[in-house]
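Undergrad: What TrEMBL records for 1-27, 424-498, 702-766 is region 'Disordered'. The compositional bias 'Polar residues' feature in TrEMBL is assigned to 12-27, 459-469, 739-752. Annotated domain 'SAM-dependent MTase RsmB/NOP-type' per TrEMBL: 49-422, in sequence order. Taken from TrEMBL, the feature S-adenosyl-L-methionine binding site applies to CYS167, ALA168, ALA169, PRO170, GLY171, SER172, LYS173, ASP197, ASP224, ASP252. Look at TrEMBL and you will find CYS305 tagged as active site, nucleophile. What TrEMBL records for 424-444, 475-496, 702-737 is compositional bias 'Basic and acidic residues'.
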Amino acid sequence: MPKKWGNKKQPIKNTRQPTEQKGLTNQNPLFDKYYKSQNLLDDGEWNSFIHTAKQLLPTSFRITGNKSTANDLNQHIKKTYIPFLSQAKLDGVQLPPPKQLDWYPDGLAWQLNLTKQQIRKSPEFKKFQNFLVYENEAGNISRQEAVSMIPPLLLKMDPHHSAIDMCAAPGSKTAQLLEALHSDPHTDPTGLVVANDSDNKRAYLLVHQTSRLPSPNIMVTNHDATSFPNIYTTNPTTQARSKFLFDRVLCDVPCTGDGTVRKNLEIWSHWTPNNGNGLHTLQLRILNRGIQLLKPGGRLVYSTCSINPVENEAVIAAALRDNPQMSLVDAAEELPQLKRKEGLKHWHVNTARDGIDFGDRDLLIENARDERERDRLNDKLPRTMWPPSQQDADNMLLERCLRVYSHQQDTGSFFIAVLEKKEEKTQDKTDEKKEEKSLEKIDETPQQPPADSTKRPLSPQSLTTNNQRPQKKSKKDEPSAEKGKVQPDTTFKEDPFSYLDEHDEDVKSFTAYYKFDDTFPRRNLLVRNPNREAGRTIYLTSDLVRNILHSNDYTRLRLISSGVKLFVKQDNQRAFSDEEKDIVNRCKWRVTNESVSFVKKYLPPQAIFRGTPDDLKSFVEHYHPVISSIGGANGELRDVLQNTHSGSHIVEFSLDNGENGLSQPVYVPLWKSKTSVSMMVDKKERSALSLRLFGEDLSEAGRKQAEVQKQREERMKSAAENALEKEGENEEKKEQDNAETIESKSQPTDLSDQPLETPAPLPATE
Ligand SMILES: C[S@@+](CC[C@H](N)C(=O)[O-])C[C@H]1O[C@@H](n2cnc3c(N)ncnc32)[C@H](O)[C@@H]1O
């Protein structure tokens, strides 16, 4: 049975809610029959599993950011919120406080098991919820399904690793990879994260999600992962071009999602065993391409939020058979607190048709109604869906796959396999050749826009694997007759990517203005036009991203975005006096909030101003505080600002009061005009900072919201009072009417056939 939280002596409110209360079914006999036949769990555990799968999922969230800022925020939750929430009661019953996921490193992930209604009704949890919303919007917390956090952890990403997330949107796992890349706040990572998704709209979601953790080392692409193009890099010394392979590959592939039934209730009614069958081939093709992109010695994680062996062990077994340089990693010692089950070595594939279960692939195909159906079945049911022989399954060590079921730690269900590629010296030459060949094929194939495989039904053709019938190509898809010439992809409409010349006038102007030292990466300033001109925005990328963009055509990579927004042009000069215009003309480029932590590294210490919590309060309370009002009595920053020129500046605030979880200084960009200064920080982040520092949202937006809330509460209070009054009046009236009725019992009237105990008030005049 799933665990209950809390102290045994105190009653804890049962927060579980069967999902059927949502008005949708949570039954599916096919689901039960299919999975029972797979012997996933013994009978007792199966009952626990199915019982848990029918309860609503607890909320879970992760603290994001680098280790020191994340630990700070975690301490803040533990010291400030947990004691406060541990007192929370609803109808006299204690509510369970949030609980740390014991298997998540450094306790940085939490689970909260309350319904929305309970949160709304509890003032303590409402306050906590408010805090979570702000911190989430400021990018310091991410809501994420607990089990979905596992694959990136097992990928073991380090700051020097280059990783590709093949099916990345909406990007919760990419965010984890970026955090691992930037886990050391003292060194710039040399690695890379490529976040790819075949769905164009979802690829833009990725751009948004990845901007929550700004990184010069990110590239977002929009490809069908089965044909992700080869990437090349150039050796800066010899200028030799070579194929670039990744240290880490994540294949979190599209799947039936039946491990997420606790939150996606509609899955219950749509589920059939054929759903998984229909995805197997695509999943295998994505994995095979991932393997080709992996460096020898590198690690690959394959995962799904499905418990179906056809989408899981069958895909792994087929990939292992085709790629002998790959093997399953024993992850038993990794995340030791995580309860999990071994991978399956045997499973059944659904071969039922028209109520007859053929039990065998060949028998089913033999009994096809006609040639067309035979072809279709051959396509739809590749042999790779069936388990290997017992001996092969043993040799492959399929038990090393990880299965996490809902009931084990009150989560969703997930499948994860950790694979590694043999180091080059031991890699079989024939494997290398085979791999080379298919890589070349992809180079020569014109890059077509990816089919949106999440929305369109999968055609049998799109589900063929390398070892099955080749996909039929339309004329349009044929490679150009001219050898080596690749047809341009006319559907790709992104603005071009180019790098500013390091001697460009704008580069010179901001280098002089900010007094950047020699280590400032002038060569890595990216713009979105073909002319290498600074338009309105300048991005910063890492050396590796620059190398990749120089060595590859960005349209072939279908690159959507890259790097971190470093400067934006601030050329509205109406606010400045003539003298100030002169100064600002020296540099129109304002540091953005997302880039401030990168920029500050290249500034001389005297170029960074220092501020106090009182100073920050002025910036939080007003969007454009006048300089003379900043910081109360002890206004050092005010004096500094009064005596400096207009334009972009950076301030360091030391805000630690031992409790607010701000032990690291906070850096913010300011824009100074003639008489006032603005903190160039997003509304939500301003509110989150205020909440942590001052215990309430002092920002203009926060004050407005509090006022609206107060008015709403007052309205509700007076409505409740009115209702009470009315109820009292009604009661009074009822009593009076009853008395009248009793009185009238002896007198024959029109009402004599009304039952005496009638609950409705009687019409007074009848
Ligand atoms: C399970 S979701 C990925 C979730 C994501 N890894 C995360 O943690 O936020 C699968 C994703 O695969 C994408 N997808 C489907 N077919 C694809 C393909 N052939 N190539 C690349 N992406 C694909 C879908 O658009 C979807 O965003």
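Please read every residue number as a count from 1 along the shown chain.
Placement of Cβ uses the backbone N, Cα and C atoms for every residue, glycine included.
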Undergrad: Sequence gap of 6 or more, Cβ distance under 8 Å: name the residues on the same chain that satisfy this around the residue listed as 'active site, nucleophile', in order along the sequence.
TA: GLU145, VAL147, SER148, CYS255, GLY257, ASP258, GLY259, THR260, GLY412, SER413, PHE414, PHE415
Undergrad: Cβ-Cβ under 8 Å from ALA169 (S-adenosyl-L-methionine binding site), same chain, 6 or more residues apart: which ones?
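TA: Counting only residues 6 or more apart in sequence, the Cβ neighbours of ALA169 (S-adenosyl-L-methionine binding site) under 8 Å are ALA195, ASP197, ASP199, ARG202, ALA203, LEU205, LEU206, GLN209.
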Undergrad: So how far apart do the S-adenosyl-L-methionine binders CYS167, ALA168, ALA169, PRO170, GLY171, SER172, LYS173, ASP197, ASP224, ASP252 get, largest Cα to Cα in Å?
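TA: Among the residues the record ties to S-adenosyl-L-methionine, max Cα distance equals 19 Å.
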Undergrad: What are the non-local neighbours of LYS173 (S-adenosyl-L-methionine binding site), defined as same-chain residues 6+ apart in sequence with CB under 8 A from its CB?
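TA: Set apart from LYS173 (S-adenosyl-L-methionine binding site) by at least 6 residues yet with Cβ under 8 Å, we have SER148, PRO151, PRO152, ASP165, LEU250, ASP252.
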Undergrad: Which of the three DSSP states, helix, strand or coil, fits LYS173 (S-adenosyl-L-methionine binding site)?
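TA: Where LYS173 (S-adenosyl-L-methionine binding site) sits, the three-state DSSP reduction gives helix.
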Undergrad: Once near-sequence residues are set aside, which residues in the chain of CYS167 (S-adenosyl-L-methionine binding site), 6 or more away, have Cβ atoms under 8 Å from its Cβ?
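TA: Counting only residues 6 or more apart in sequence, the Cβ neighbours of CYS167 (S-adenosyl-L-methionine binding site) under 8 Å are ASN196, ASP197, SER198, ALA225, CYS251, ASP252, VAL253, PRO254, ILE286.
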Undergrad: Looking only at the domain 'SAM-dependent MTase RsmB/NOP-type' (49-422), what is the mean pLDDT?
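TA: That stretch averages a pLDDT of 95.
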Undergrad: Under a criterion of Cβ-Cβ distance under 8 Å and sequence separation of at least 6, what residues of the same chain contact GLY171 (S-adenosyl-L-methionine binding site)?
TA: ALA195, LEU205, LEU206, GLN209, THR210
